[in-house]
Structure formats: structure tokens, C-alpha cells
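Following: one structure in C-alpha cells, then a few remarks.
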Amino acid sequence: MEGDDGLNSDKVVAPALLALHPLCKFVVVCVGSQLRAYNLLGKCQVDVKYPSAQSRHEEAIRTITFSGEGKLFVSAGDDKHVKLWDTETWQCTKTVHASKKVSATAFSCDSKWLLYADKFGVVYAMSTKLQGEGLASSVVLDQPVNLLAHCCSIITSLKCTADGKFIVTADRDFKIRVSVFPKDPLQGAHEIEGFCLGHTSFVSCIACIDVGLKSQLLVSGGGDGTVRLWEIETATLLDTVDVRDEVGIADGNFESDAVIQASAITCVCVSCDGSLIAVGVESLDGVLFLKCDLKSKRLMLLQKLVLAEHFCPTSMQFDKNGWLWLVAGAAQKTDSCKENAVTWVKVVSSSLDDTPVFTPVELESIPGGSLLFETLDGTDSDVNKAFALAEAATIAMKNELSKRQYSNEHREFRKRLRNDKKLQRKV
Amino acid sequence: MAPGEKKSQQPRKRFYRARAHSNPLSDSHFPVPISPAHIDWSLHFPAFFKSPLEAESEKIDLMHKESTSDLEVNDKEFSRDCCSEECVSKDPSLNHEADFMENVSVKNPSEVANVQRGQPKVSFADIGCGFGGLLVKLSPMFPDTLMVGMELRDKVSEYVKDRIMALRKENPGQYQNISIIRTNAMKYLQNYFQKGQLQKMFFLFPDPHFKERNHRRRVISVALLAEYAHVMAVGGILYTITDVQDLGEWMKACLDAHPLFEEVSSQEQELDPVVTLLKRATEEGQKVERNSGDTFQSVYRRVASSSAGC
């Protein structure tokens, strides 16, 4: 490993993540190794129960997901532990030890399978059934099996389409792979439907538009600062929105830097009806809303919403009522093995018109009001810290996912002593 | 050096000495096309494509015709001046690898697709072609088939490029159907070929990567076979050969485990003229033959998926 370009590698920065229960029963925020859950129906904090104190997540959690109908929840991350939770009791029912750091998780559409992807580009599948639940075969279903693999590339995002046909995986080598969901995941997913190629940098996030259309759509955001709309089955690019144009992140960065500093897209999420897409952009305080016209299959920039100064969301999700839940913040491990974690949660509602207007939700209308924020934000929600850490998390993501850039001169200089170059010079 | 060639014309290997291995997992810093539609194959196979000028005029026609369609013609992404200039100013057949893809990749894919519609496609790929011995042998056997070699090592791919150039010069009208790309086929194969495009793929004497922890660098693995199956046409043939027994067994086991590949029977293999080339055509194969070493080959056919009907 070469030097880390100023970023101290032992100070791992992880962005805060947010997950909403599909029926709006729970909202979960995780930051660093902490998991904070809130019961929206009961309006109370949820006590997540680890089987023992030793089985807590020790390192940053990188991915959390609810299953389609909300009975299961999974958390996984840098400590290589994949934990499956029962959302009825919030008991950790199963822990799998992955061989590499886990970067993405997903449930199959029928929630029978848990998929997780690691930093070596391998996707594993594991049955979500618990031992002793009347398994027909004698196969040890507890063992995750190798489902598919990208060639040594960090998988940044993993989704299963709602129709159960495909597995979509995005990686840092600019590609999105659409694989056919196999009949028997234990045998592996060997058939590739197509590759969505178009991003000119790493693909940081993907979201499926599952609204029962004949052709399923996919939205992706990348390090190149574009949000792209794809048709999954044919892997065709339908539309591209360059966020850099739209936001006008000026700051003089464009001209001054020889290498164009693209603003990476940090997260995308799609509303339940598929018509709205919320986009988080690196160092943009606020959210971008895009309209997705499902008929013409086009994207259109609607609005840039600034929620508060320095509120730079790291993760967000729409709920079934059209509210957008956002979290900004990150966790950093300090030298003394303590975690410096900051989060800041916000909720935005949209009017359900053709041209929606977005407004922050009043504290009174949020279930539980200030208790919810106390639970999810924890004790420390210093605004400026949250901003600084979210920035650091994005930079860490970029450093991890983007390739080093070398100039042509640099490359030629490195080749100067080669025989074939010497020969060219003679000629 | 290839025997029996004019010394002045043919590139000499001693100027292209390279390490025998290259790590396929490390980040590569050569340009890679964004998608197969972004490649202008006419630069590789000028004899098979219309001259750039003709293509240009056709492009303009097409643009007029399709100006009402929703195909986006983005000025920023595509500047016709820049690319025609590129075609003239540089050697049209094979450009210097470093700039070539970058320039091509700024083309608007829809334009390239328009021009390339109905034009020949590459249908053979030699992955890890080394010094290009197989390509040179195959070229006269299939004069109408476009084939491309893919090599990761920079200097070796330079050698093959110069070798093909020299062969084209010495034998006018021949060797127009072979070309070379410097790339990492394990990572970027799908950036060069569309789904189901390839009729034959060759993996001849690949790096054996003996250590177990380096097995994931092997060019044949069950996971990667899915990507190879994706770019291969149903009925296409995948050829592998090695002089390392361990690797030969590994490759056979991977191919057997993959549901989209099926072994070609030995009778069929005998009828296939290409199979005899596996052992002898490449430099590596000749080396093994000189030392009378054993070789282990497996020839598999891409079959349709059983779940296709569901």
C-alpha cells in the first residue's frame, strides 16, 4: 500500500446511514458501530439486543437494510460481521463471519435470501431461515455461498429487483452488472443479463424504481457527478443528468484544478411512486430533487432544497407517505479507539402535486417529536462537526473508490529507461 | 523473433522485453472505452470499414435523418472536427494505445453505433495473446473474420502492434483482420464486446498463479466465466490450454462447474482445425514443444441457459 494522500488510514471515517421500515414502523440510524432504532408507531426508543456484549459491531457499519415486508433487518460493515435481526423483537438472530469487509447487503424480493457483497467484489447468498425451521434439505443453509463476483472490484451497492428477476450490483470500475436471479441461489448466479456502462467514474449508489412498470428502471449516481436512468432488462442508458451543471458548484474548482474535481453523488433514493428522486451530492448542503417522468423515461431537475447551513446528507430514504428522511453525519475512530460520532436527522415532506414543493416537517407532526431526534441524533449533534465529518467521509469514499490519476508526462517519465522507448528515440 | 522475415521490417523482441507476469488485479492506468459502442473499430481494421471520410459523410446524413429522433447529440461530448482530425493526423490503422481510446471515447456512442450498424464485428478474441503467434496463424485461416488480441503487458502489446503493422506492410492485403488492444480483459471485457458477440475465445498458456492466495488472479474462474459467457454467442467455442497440470485441472473444473459451458467431444475437436493450433501456434506452445512437455487443453462450447424459457 502506498501513502494515503494525507488521509490517515487508521482514522477510518464512516458516513451515517438511515433505513426506514417499509411500513414506517421503525427508523434506524447507524453511525460508526452504533445502531440506533426508533419505533415510529410506539413512539419510543427501540432497544437493540445483541446476544452478548462481545457480539456488538466493533467497527463501522457500512450497510443496513430492511427486508421487503419488514420482518428482517441486516447490518454489516468493516468488522466483517453480518448480523441478521428480527424486527419483532430486535434480537440479533444470526451472525455470519464474512471473510472480507462487507460493503453492501440486500434481501431477495421474497426475503428468503440475504445477499451481501464484500470489498473483494464477491456476492454471497445465505438463507434467512433460522436453524431448525424445518429445512427440507440436509445442506447446511447457514453457510453463505458464493453467488457471483466482480473481478476484484469493490461492490458499492447491491439491489434485488422487486419482480425477483434480477440482481443489480454496482462497482468502482464504472460498471453496473445486471445478473439473472437464479432459481437456486446455492448454485450461484451464472447468467448475466447485461452491463449498464456509461459512468465515467465509480458508481457510488443505485436505486431501483419498482412501480410495476413493464420495464424496470434503475437510477444510479457516480463519482463523475451524474445521475443516470437505466432500463434494467436491456441495460440501456435512458437519461443522464449532470449534477455539476445543475448545481453550479463553482468555488473556482473547475478552472483551477487540472483534474476536474467532479462532485461525487453520495446517495440516491426513489419515492414510492417512482416519480421523485432525491440526490445527495458531495459538499452540497441540501438535497437535489429530480423528477422522473415514467412515461418518457426522462429525468428533470426540480429543485435544490437547502435544509440548513452545513447540512450535507449522507443517507436518505422516502417513506410511504412521501416524506423524505435524511441523515447527515459520520463517525471517526480516534486514536484512543473511541468513536467520534455525529449525526443530524431531518425530515422533509413534499406536496403531492405535479410540481411538488418540499418543506421541512414540523416537529409536532413527527411521531414522538423531540424524543425521536434525541434517540437518533444521540448526544452529540454539533452542526459543524457533522458537516466536517460528512465531508471527510465523502473524501474517504472518493479516495477508496477512485483511481489515482497520473499525467501523461508522468507515465512517459516512468517508461524512459525502457528498451523500446530508447529505440524510438534513436529513430 | 519471427523466423524468415525481413529484419528491417519486423519488430525485434529484444526491444520489447517485459516481465513475464503482470498483476491483473491492480488498478490499470490505460484508457478504457466507456462501452462497446464507444469504440471505433475502423481504426483497428481500416480495410474492413469505410474510409473515415466516407463514414463522416454518412454520419452527417444520418444526423440529418435522425435529427428528429430522441438520440441526443451533445456538442460537448462529440466534436466531429476533433475526431476526423485524429483519423488523419495519426496512423489510421493502429494508434498509440495511450491516446487512442481517450480520443475515441469522447465520441457519441449513438453516432458510432449508427456508422457501425451492419458493419463487421470482432468475433474472435485471444485473451492474453502474448506475442501474437496465434493471431498471425489464424489470420489467413479466417480472412473474413475480425479478431483481436488482448494483452495487459504494455511492451508486449506494443510488439504485437508493430508486428501486425509490419506484416500488413510486407503482405499487402493480408493480415488486415487482426489487431491488438492493450487492456485488462479480466476487468474490462464487457467494455469492448457486446452481449453474444464472440464466436471464439482463446486462453492459451495463461499465467498459472500457483499460490493459493493468488488463485483469484487466474484468468479462468467460475465467476469470470459468467462474464465470458455473456460476451460469447451461444454455440461459440472457448479454448484453453496450459502446460501446468494443476492449472489445466483447475480450468476444466471451473468450466465443468459452469452451467453455460459444455465440453466439446473429442471427435468434434479433431475436426476443428483451430484445435491443432493451440499447441503449436503460440510462442509459449513452441517452447513447451521444444522441451517436449505435456499440455492440458480443454475446449468448451457456450450453451444456452436452461432458464431461458422461464
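Backbone N, Cα and C atoms are what each Cβ position is placed from, and that goes for glycine too.
TrEMBL entries are annotated by machine, without manual review.
DSSP gives B:Asp207 (active site) a coil state; it is part of no helix or strand. If you look up TrEMBL, you'll see B:Asp207 marked as active site.
For B:Ala185 (S-adenosyl-L-methionine binding site), applying a Cβ distance below 8 Å and a minimum sequence separation of six or more within one chain yields B:Ala125, B:Ile127, B:Gly128, B:Met150, B:Leu152, B:Val219. A helical conformation is recorded for B:Ala185 (S-adenosyl-L-methionine binding site) in the three-state DSSP classification. Annotated S-adenosyl-L-methionine binding site per TrEMBL: B:Gly128, B:Glu151, B:Leu152, B:Asn184, B:Ala185, B:Leu204, B:Thr282, B:Glu283, B:Glu284, in sequence order.
Per TrEMBL, the feature transmembrane segment maps to B:219-241.
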CA pair B:Thr282 (S-adenosyl-L-methionine binding site) / B:Asp207 (active site), Å rounded to integer, equals 14
For B:Gly128 (S-adenosyl-L-methionine binding site), the three-state DSSP class is coil
